[in-house]
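Here the structure is laid out as structure tokens; the discussion comes afterwards.
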Amino acid sequence: MLTELSGGAIAAVAVLGVLAAAGGIAVFVVDSMARATFALLASFLAVAGMLLVLDLTYLAVITALMMTMEMAVMAVFMIMFMMNPAGLMPMTMVHNTRGSAAVGVGAFAVLVVGIWTVDWPTRDGEPPADPTRQLGEAIMGSHMLVMLVVGIGLFATILAGTVLATARGRYDRFGADLKASRPDDPVPGGLPR
Amino acid sequence: MSAELVLQIVLTVAAGLIGVGLFGALSQQSIVMVMMGLELVLGGVLVAGGAAWFFLAPELPDAQMLVVLALVVMAVEMAMGFAVTIAIYRTRQVDMVDMATDLRG
Amino acid sequence: MIETATLAAAWGLVPAVVAVVATGLLLGLVVAVIDQTVLTGGGAGSGLSPLREGTRLLLEQRRTTLAPDALLWRTGVIAVPVLALLSLAVVPIGEPTLWSTSADLVWFNAMEALLWAAVWLVGWGPNAVHALTGGYRFLAQGLAYELPLMFALITVGLGAGSLRSTDIVAAQDDLWFVVTMPVAFVVFLAGAAAFSFWGPFAAPVGADVAGGVSSELSGVDRLLVQIGRAVFLGASAAMAAALFLGAGAGPVLPGPVWHLLKTLAVVVALIWVGRRLPVLRPDRTVEIGWMVLVPLTLLQTLVVAVLVLTDFYG
């Protein structure tokens, strides 16, 4: 059976796959934290490119969009927490390298053996005319429950994240008796109140 | 080139990302770097999900939903990871996993 | 695959890409000229001065800083204009777009998100404090404008029932979307100004941080970033004309001319208003964005959703 993928598309998938893996490796090789973050972004953009070749336009573009924002925020945290963000003074911050490498290589080996020995089923059906519409209809129809749970999960994440990250509560902002007319915030914010 | 071969190549890439990510998540000391390793693992899941949809069952939206779910997990992981990092740094100026081993329980 | 007429299909890939790049650069030049005219009140030289300035920058010798991260710096500098041109790929030029995907709106949004990384890199690269401050300011503003901008785009997609630009243009045959989506229109234009860090959102290149992200840029680098900002502004104006003002819809004149006229009108309005507003402090933008604009755009989406349910858009 021949794929619908043209030769160019197969080549693109292969090149992007190599780029994705190379970017992933570069994350843990480079000294500069900024470079590590953007190596990870490069890896994700290659992943997005692979999804694009596989006809999943919406998921590809949303991956690129989300990962870019994540990495931009990640870069801020990197600079904030790392002792050596620019890698001007190389240092290693690793533990148990040998064991980790064994686990990583082991997982890869097990997966690869599985991938190349399993008798894969042949393709069931044809891709729809518009994969984006297929996903949208699944989210709003047959798989709505998944999205409902995801929504609740994300909402819980917003609340939990804010609670964990902030050290100030309403008593810090409005005083012990909560009677202050203006909140006492370190950053005044944009709205007049 | 047969479809199966291309599928296997794409899945190998996914396995590579998962392997590299696992290595990073286990070997890095900085919490932020650990998170980057986990992100790579999830990146592998994205690739595998996309490949499963295109090569195995394009008529069903399930594999697409899996990719969406992996993206959501990434977002949650990042948000909670940063929140925990800020919380632990705020209380004891710690940004490395080795300094928080007492949280092992 | 739905067969949709794209520029790439009609003219071949290479001529189509060249045409889009040329259109983008022309749009950028138009933006720069109008900007100069509004600033100086339209002197004789204002039409030429962007060209003169561009040539000067081309010939200028590049200066550098101590221990810059050259790789990331160059990447960011090149990415800014490239992303601007890529965002133009899903904007209808004449009738068709360069390429048509089932998620054009998200594509446009993603190019603008990639700009976060690019601008931050331009700030990070030179190893200079003012530049990095500018990069951080851009991210802070990004957090503020991104959600309202996304909701504005979603509203358009909702009204048209499609994320494809050409479908959205077709859905406005009877009524321009700006009539039922005024909030989304204004938020989109504000977002455009914000991701071009221009006008009231120019804090990332503010004078108080000696030019911010652009403080250490010189020669070709500065030219590329300036071109990128101008093209982004022009592409956003063209996108606004396509999403909200019916693109080529209009009497007598052919469609592309109408689209061009509407784009120019949006550019002029944007610059005329933007140049009259003070620069917003970046620490003030998030609260305005999340407390005012997010609820407003959500309401706007709700209104459009109800209209869709009543078959208002046909």
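In case you wondered, yes, glycine gets a Cβ from its N, Cα and C as well.
Pulled from TrEMBL, these are the features on record:
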TRANSMEM  C:71-93  transmembrane segment
TRANSMEM  C:113-132  transmembrane segment
TRANSMEM  C:144-163  transmembrane segment
TRANSMEM  C:175-198  transmembrane segment
TRANSMEM  C:230-250  transmembrane segment
TRANSMEM  C:256-274  transmembrane segment
TRANSMEM  C:286-309  transmembrane segment
Highest Cβ pair tally under 8 Å against the transmembrane segment (C:256-274), stretches C:71-93, C:113-132, C:144-163, C:175-198, C:286-309, lands on C:175-198
Assess whether the transmembrane segment (C:230-250) lies in contact with the transmembrane segment (C:286-309), where contact requires at least three Cβ pairs under 8 Å among residues 6 or more apart in sequence.
no
Hey, does the transmembrane segment (C:71-93) touch the transmembrane segment (C:144-163), meaning at least 3 C-beta pairs closer than 8 angstroms, sequence gap 6 or more?
no
Using a Cβ cut-off of under 8 Å, list the residues of the same chain at least 6 residues beyond the transmembrane segment (C:286-309) that approach it.
140, 143-145, 147-148, 151-152, 154-155, 158-159, 161, 180-181, 183-184, 187
